[in-house]
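Comments concern the structure below.
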């Protein structure tokens, strides 16, 4: 439940009186209005209406809450009953909430199953409701009752576990709480068990019931981030380049406008914008020279230039080009209108704007018609490159319209007499890079040797690694599979470590047309080129991958193939900086884990290479190796929405944990943090028992029940303030945060990094 400004947080100590009379009155008015909205004309809430309003996934909790809210056992909830129940849940003391929780758990299993399968509550069911055992219990919780509750907790948190594991969870919690060993948990025993989890009793809520809490007052307008010292520390190269870019435009505009001051204001504006466009339309391509940028990342210029923001600068220059083009066009139109109004003018306005007759321009008077064509082309490219087009399954529209930059360059050469001079160096670099990329990618076509279809519609490709393909952890490549789309190239992060010599791994999430076609093409039983010499390739693959045995993802849904493909790369990414970090924090959201898969494998490989063990006394020590790795600590944080999203990467993480387990506590430098956002937290009545049981069983078995890792999967989203406070307190050196995931989360993380003066790097394509 969103606690920002809600009354439940105002009374965190459980005292209703902590709310002011004004706030309490506002809350009661709002609850009354919500009741009228839910109840309808009859003025009472039925069970079905209650379920719809509560938005719970599991009907068990809706029925239990309904029965406890319905104090007179009438089968419906009145306004007074709702207000009393909400007053307890929102304003009540921890003990009041604990009693409510105990009543939820204290059920007669057989009677509840019969009631939930029988007649529905509501109109016409009053007699059934009055005799229902849902609202009352035996005063204690037996193992079967606890199992029923935990099973519903699992469903509410979208967690799927086998029955055997559910039994283990039930017994772990039951044996821990049943202090006297009489086979039942009393209220006092449940209270004592909860007290082992600090802060839980004070914050018990029903988080899914959004209508229980009045909306927070409208937030104040967002103020621009001030130019603080921390902001400057994280953005100094970015700000410097923006200032240089703006200053260069002012200079170019002033020089061109001054040279044409005798021709009037409209011509001065047109010429000034034109000179700026000469620079923008030629330099904009430099920002997308991926090979050049990858080479620059290995030089000292990577510390000065914001190479990680090349795409953002490219987009910014695109906006500037469109804006300057419009101003340039309007200025010329004004000039043509003035010329056409002169009595001695031999040309009309439309002739000046659309024809070559006036002789404007250096190539057969083509400046005006080429200018109109350029403006239309630029507007088309601008519209088709918007995010609504690119991310709505129409990437091909963006791709093919963007290829018209070649026509734009050609028209600009005819349009402006000096543009070719500006284009000379960037154009040569561009065509050299394209020629090299084309030659390298087609020099030796590679093949997809194996495919694994993983949970969450992730396609794991194993591609034969060419002998000339040298890359670093976190790098990415462009992939073309002619059988999927002949002319389409798409970027994907390499998820295998460079030390894995025989194959390249790619993990591709199905999110667009191309990736969906890729996944669906392998769902058929015998995809194209996957049948011939299957056993021969199987023997070859197993032999070539002995070195990576244990880290290979073992799934049933895999196929051996021989599908022709082309790769272009590798290209560098911000994560190349990680080995120069002292304390690295790697944060991945969903499939954003792929660059860190390669990095984590490479880190452990380098660590093993450094470590030596005496064959006689088994004493181990770390020896310096010339690998430029300064890492002292790595925190790896992975956030997933559901349980399935963890499955494809668990085998690698298990191997990393096993390697770390062999180290002494002092030598362990890798710490894993797993979060599942669909799982409800310990503060929620619908999950507190489950989370307690998961903690107890994890401590007993030394592994997490959800992922099988030693690291306990935490429910909900990370508390970033606490996470970064802990990182700062460890004092393992300068902290650098590397993130791959959604832009919305990137903004949140960037703000926290500025607060703690951490460097922040985001993976971009």
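Note: Cβ is positioned from N, Cα and C throughout, glycine not excepted.
Marked as domain 'EF-hand' by TrEMBL: 57-92 (among others).
Listed by sequence, the residues of this chain that lie at least six past the ends of the domain 'EF-hand' (165-200) yet keep a Cβ under 8 A from its Cβ atoms are 95, 98-99, 101-102, 105, 139-143, 146-147, 150-151, 154, 682-683, 688-690, 692-697, 700, 705. The domain 'EF-hand' feature in TrEMBL is assigned to 165-200 (among others).
According to TrEMBL, the transmembrane segment annotation covers 239-259 (among others). Remote same-chain partners of the transmembrane segment (239-259), defined as residues 6 or more beyond its termini with a Cβ less than 8 Å from a stretch Cβ, comprise 232, 268-269, 271-276, 278-279, 305-306, 313, 320.
Among the features that TrEMBL reports, transmembrane segment is placed at 265-289 (among others).
Per TrEMBL, the feature transmembrane segment maps to 316-340 (among others). Through the fold, the transmembrane segment (316-340) approaches residues 249, 264, 266-267, 269-270, 273-274, 276-277, 280-281, 283-284, 287, 347-349, 352-353, 368, 371, 374-375, 378-379, 381-382, 385 of its own chain, all at least 6 residues removed from its boundaries and within a Cβ separation under 8 Å.
Marked as transmembrane segment by TrEMBL: 360-385 (among others).
Cβ atoms under 8 Å from those of the transmembrane segment (397-415) belong to residues 281, 285, 361, 363, 366-367, 370-371, 373-374, 377-378, 380-381, 384-385, 389-390, 423, 427, 488 of the same chain, restricted to positions at least 6 beyond its ends. Under the heading transmembrane segment, TrEMBL lists 397-415 (among others).
Residues or ranges marked as domain 'FAD-binding FR-type' by TrEMBL: 441-577. Mean pLDDT for the domain 'FAD-binding FR-type' (441-577) in this predicted model: 75.
Sequence-remote contacts of a segment are chain residues at least 6 beyond its ends whose Cβ falls under 8 Å from one of its Cβ atoms, and for the transmembrane segment (584-605) they are 456, 458, 473-476, 492-500, 505-507, 509, 551, 573, 575, 578, 629, 631, 633-641, 645, 649, 652, 655-656, 659, 670, 727, 735-742, 745, 749, 758, 763. Marked as transmembrane segment by TrEMBL: 584-605 (among others).
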